[in-house]
Amino acid sequence: MKIKIISFFTLACVLNIWGAVAKAQRKGFWQQKVDYNMDVNVDEKAYQYDGKMTLKYSNNSGQSLKKVYFHLYFNAFQPGSMMDYRLKNISDPDKRMVTNLGTKEKPVYQSRIGELKADQTGYQKIKTLTVNGANTTFKIDGTILEVTLPVAIQDGETARFDMEWTAQVPEQIRRTGRNSAEGVALSMAQWYPKMAQFDEFGWHLDEYTGREFIAPFGNFDVTIHLNKNYVVGASGVLQNPSDVKGYQQKAKVKAVDNKATWHYKAQNIHDFVWAADPKFVVDSASSKNGIRVYTVFLPTDKEVISNWKTAIGLSTEFFDFCSAKFGKYPWPTYTIIQGGDGGMEYGTATLITGGRNLKSLVGVIFHESAHSWYQQLFGINETVDEWFDEGFTSYVEELAMQHIFEKRGAIASNPQIAAYRGYYKLALSGKEEPMSLLADYYNTNYGYSNEAYNKGAVLAEQLGYIIGQENLEKTFLKFYDIWKFKHPTPNDFKRVAEDVSGINLKWYFNLFINTTRQIDYAIEKVTDTEILLANKSNFAMPLDVLVEYTDGSKELFYIPLREMRGEKPEEHFDIYKGVKRTVLEDWFWTKPDYTIHVSKTPKTVTIDPSLRLADVESANNSFSK
């Protein structure tokens with residue numbers, strides 16, 4: 001090996017150039033853009049519709065595209081589909097999607113999709129498809145439509161796709177479908193051929209097996225022709241409320257061939273949902289910040305009506321709270337629609353089951369509404385980073401629940417405590433897998449749900465423990481300012497948190513996301529002059545240690561982790577009022593023990609008094625004389 005001597009000046013120039021290139025790569029961020037104009041004519045008796053679409057697709061990728069892809073999600077609801085086989089082979093299938101032919105103790109599950117008859121299945125069939133007026137060659141594999149273009153779309157060009165298709169709405173099995181368990185006639189989610197996401201990581205062509213989504217941002221102009229007796233709830237803003245049923249008391253329904261026309265527009269979203277039923281009623285209320293919240297639901301009894309009335313008022317509070325904490329809600333409306341089979345977020349709207357008690361109804365509304373930030377507003381790729389979507393949404397939901405209900409005396413605990421308990425149960429179950437797994441590939445639904453929802457929420461709350469609560473709140477707002485409408489990754493969030501706090505976080509995001517390592521600290525020994533701590537795991541963390549002395553005084557010892565290359569600022573929780581804070585020498589991950597020297601006799605010692613450290617064995621975190 002030959003060694004060349006490079007001058008310091010030359011090396012500095014090289015490093016400066018490299019740094020400039022790295023910055024340019026971030027400044028060179030790009031994303032594709034779509035504009036949908038769709039017109040659909042619905043046969044509500046046959047559960048079928050004909051659709052026409054004009055799609056403008058802007059290529060900003062820096063490369064030419066010879067092919068594009070669409071998702072045809074309805075095709076998953078056919079016997080023999082990937083989703084059908086997934087249900088047949090996963091050990092704990094979603095109970096809504098299977099029939100138990102055995103007993104509760106010894107279940108034998110049968111896929112509901114596998115039993116669908118031809119007139120119960122879902123499908124989307126392409127009749128014609130042109131680009132810039134020229135015919136295309138296309139093929140369909142399951143839920144993916146592959147389109148070979150006659151002429152490549154060059155960088156900077158906008159291509160026009162014209163499509164006609166026909167579709168059949170499947171039996172309600174998962175998220176979308178006809179005749180839900182609560183009696184909603186049409187729950188129309190993933191109902192149109194959706195342009196696939198193409199970004200710096202390539203095309204995202206995940207076959208639909210029942211989990212998550214990703215799509216480019218764009219504008220939607222949607223016209224729905226449907227039986228005049230139906231009421232529709234949808235994404236976006238209704239353009240003609242005086243022409244249709246449900247939105248104005250003195251509306252004169254305009255109908256042609258017994259069908260009314262519903263016209264909606266939505267800006268800068270990446271999914272459009274609608275639902276329809278002749279028994280739907282509509283209510284609305286505005287938040288103090290001017291966000292108009294609509295509810296569209298079945299008024300089955302007085303309790304249901306009362307619950308939805310209460311929920312809409314709380315929802316307006318929710319949007320104002322979240323706008324202050326996580327960035328301004330950018331759209332004029334949000335619509336909460338009864339439909340589907342649980343709860344699922346879409347652009348400026350959600351489908352939820354509505355026959356719930358008040359607590360459950362408000363909880364699901366808050367969760368799905370929180371997705372307006374962590375999924376809809378940011379466009380997170382939830383097929384890849386499901387925890388970034390579901391976990392951060394769960395974090396937002398619980399924070400809002402505490403804020404809104406605590407003042408009414410209903411909640412008085414750490415809002416994320418349920419997420420920690422769920423994570424601990426998972427970690428000790430032997431079913432934990434790394435959160436870096438693609439959403440579809442978890443071995444169990446149990447593992448997926450606890451990783452995505454609970455461990456993801458713990459990651460956010462514990463980040464506040466590492467960088468300080470005030471820095472975490474600043475991180476959320478700065479992340480919004482930089483990354484709204486841009487499909488950020490977890491690394492983008494990490495970099496914002498590092499910039500705000502001045503703390504290196506590579507170790508934390510790597511270990512908590514990419515491994516199943518667990519945190520376990522312990523108080524090994526306490527004497528009149530020393531406190532011996534031990535790291536019993538292979539996951540190192542900074543520590544807060546609260547000591548109460550025999551004379552009644554208290555002292556909070558803060559031990560930074562060397563890998564942080566910084567310290568969190570003093571935090572101002574009630575439990576720390578009047579407590580002296582002492583910052584100690586850092587602890588590094590290769591050293592298993594650490595000694596705190598004290599000048600007075602300890603009476604009690606507590607690791608993590610704020611209960612934000614995800615320590616799987618908390619029994620050894622306290623000492624009492």
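Using the three backbone atoms N, Cα and C, a Cβ is placed for every residue, glycine included.
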Residue from GLU386, GLU390 that TrEMBL also lists as binding Zn(2+) with HIS367, HIS371: GLU390
Neighbouring C-beta atoms (10 Å sphere around the C-beta of GLU368 (active site, proton acceptor)): 24
Beyond the site residues HIS367, HIS371, GLU390: chain residues whose C-beta lies within 8 Å of the centroid, for Zn(2+): GLY343, GLU345, GLU368, ALA370, TYR374, GLN375, ASP389, THR393, SER394, GLU397, TYR453
Between TYR453 (active site, proton donor) and HIS371 (Zn(2+) binding site): CA-CA distance (Å): 12
Rounded inter-Cα distance in Å - TYR453 (active site, proton donor), HIS367 (Zn(2+) binding site): 11
